[in-house]
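Enquirer: To start, I am sharing the structure in question, which I have written as structure tokens.
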């Protein structure tokens, strides 16, 4: 009887040993705070900020989950979920995101949620899939932190548009250089007491002289793009409105001749903005380049005609819609969600509670 049991055990062991292990059927789950995992997440953050045509740069807040799948014939595919936070740096601002301040809760913070797939080959990451969305913190949560702090206002609110135009006119009147045109209204808040409108917006330089320009329609954008970022407050007073505005003008950006994916010219609208209409976010930005490619100068996309949305921020989902990147090193990406086998990192026996590998640490605060 003992011999029969031993024979059955040996047969089972041999069956396990000889069973085929198909490529890509087993994934590993490293710790969300491992250096390699964080490196992948930071590449994803760079990808967001290099390709976001509107709004503000985002920074990494937390890594929620990571799975690593072997790829054939070589490399690994990192499937990662991350949380981001909006910073105070506009996407046109050349300041590295590591030096940008995170927008605080009392300022009505904005959180992003992203799913990425990154291929790692020869020690380098490249993005092959990106899907994101973002949303402002709830009014209730803002009120818990600051009862009287203003909330985000719709970007196409008539008071917001009026404040941006008045601030731009005041800036051009004080400017001895180029005349600037309104490019994008980025953020706004309506302050009840004292009654005022706070607005942040971007401008673009033209070939007209500021103090000589009388008709904006006759001014053309500079060949070497020059953008600026402005903050302004329009205060309502008994004697009339009072405008305070400060603008930071960035260095000129040379026109890039980088080749575009086939069909991209048909899909991307011409960068023309009507200064008399409040800008709106694009429906999407097709043909995004892979991460790691040279950071091209930003091109602000004109909103589709008649597309006016009643929103207070630019949602990441309009740019990162879950389309496989055209820059994927191979035409195929495995679909790992169909498999079930998982290999956990080895953990030695130790006293005390076991810390789960994910989610990772919160770098700033939870929204």
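Glycine too: its Cβ is placed from the backbone N, Cα and C atoms.
Pulled these from Swiss-Prot:
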type: COMPBIAS; residues: 276-293; note: compositional bias 'Pro residues'
type: DISULFID; residues: 89-100; note: disulfide bond
type: DISULFID; residues: 114-132; note: disulfide bond
type: DISULFID; residues: 146-149; note: disulfide bond
type: DISULFID; residues: 208-219; note: disulfide bond
type: DISULFID; residues: 230-247; note: disulfide bond
type: MOD_RES; residues: 134; note: phosphoserine
type: MOD_RES; residues: 135; note: phosphoserine
type: MOD_RES; residues: 138; note: phosphoserine
type: MOD_RES; residues: 319; note: phosphothreonine
type: MOD_RES; residues: 325; note: phosphoserine
type: MOD_RES; residues: 328; note: phosphoserine
type: MOD_RES; residues: 330; note: phosphoserine
type: REGION; residues: 255-298; note: region 'Disordered'
type: SIGNAL; residues: 1-18; note: signal peptide
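What's the neighbourhood like for these features in this structure?
Expert: For residue 100 (disulfide bond), the count of additional Cβ atoms within 10 Å of its Cβ stands at 19 [all protein chains shown].
In the three-state DSSP scheme, residue 132 (disulfide bond) is classed as strand. In the shown protein chains, 24 other C-beta atoms lie within 10 A of the C-beta of residue 132 (disulfide bond).
Long-range neighbours of residue 149 (disulfide bond) (same chain, six or more residues apart, CB within less than 8 Å of its CB): 106, 107, 108, 142, 143.
Under the DSSP three-state reduction, residue 208 (disulfide bond) is assigned to strand.
In the three-state DSSP classification, residue 247 (disulfide bond) falls within a strand.
Sequence-distant neighbours of residue 134 (phosphoserine) (same chain, 6+ residues apart, CB-CB distance under 8 A): 58, 84, 86, 110, 111, 112, 113, 313, 314, 315, 316, 317.
Residue 135 (phosphoserine) is surrounded by 15 other CB atoms, counting those within 10 A of its CB over all protein chains shown.
Neighbours of residue 138 (phosphoserine), defined as other CB atoms within 10 A of its CB across all chains, total 12. The secondary structure of residue 138 (phosphoserine), as reduced to three states from DSSP, is coil rather than helix or strand.
According to its DSSP assignment, residue 319 (phosphothreonine) is coil. Other Cβ atoms within 10 Å of the Cβ of residue 319 (phosphothreonine) number 24 in total over all chains.
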Enquirer: Nearest by CA distance to residue 89 (disulfide bond): which of the recorded positions is it, out of 135, 138, 230?
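Expert: The answer is 230.
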Enquirer: Starting from residue 132 (disulfide bond), work out which of the recorded positions listed here (100, 219, 247, 319) have their Cα within 10 Å, and give them in sequence order.
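Expert: Taking 100, 219, 247, 319 one by one, the ones whose Cα falls within 10 Å of residue 132 (disulfide bond) are 319.
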Enquirer: Can you figure out which of 114, 138, 208, 230 (the recorded positions) comes closest in space to residue 100 (disulfide bond), comparing Cα atoms?
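Expert: Going through 114, 138, 208, 230 one by one, the Cα closest to that of residue 100 (disulfide bond) is 230.
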Enquirer: Nearest by CA distance to residue 138 (phosphoserine): which of the disulfide-bonded residues is it, out of 114, 208, 219, 230?
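Expert: Looking at Cα distances from residue 138 (phosphoserine), the smallest one goes to 114.
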Enquirer: Compute the C-alpha separation of residue 208 (disulfide bond) from residue 247 (disulfide bond), stating it in Å without decimals.
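Expert: Per the Cα atoms, residue 208 (disulfide bond) and residue 247 (disulfide bond) stand 18 Å apart.
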Enquirer: Would you count the other C-beta atoms found within 10 angstroms of the C-beta of residue 114 (disulfide bond) for me?
Expert: 25
Enquirer: Given the recorded positions 114, 135, 219, 230, 247, which one's Cα is the least distant from that of residue 319 (phosphothreonine)?
Expert: 114
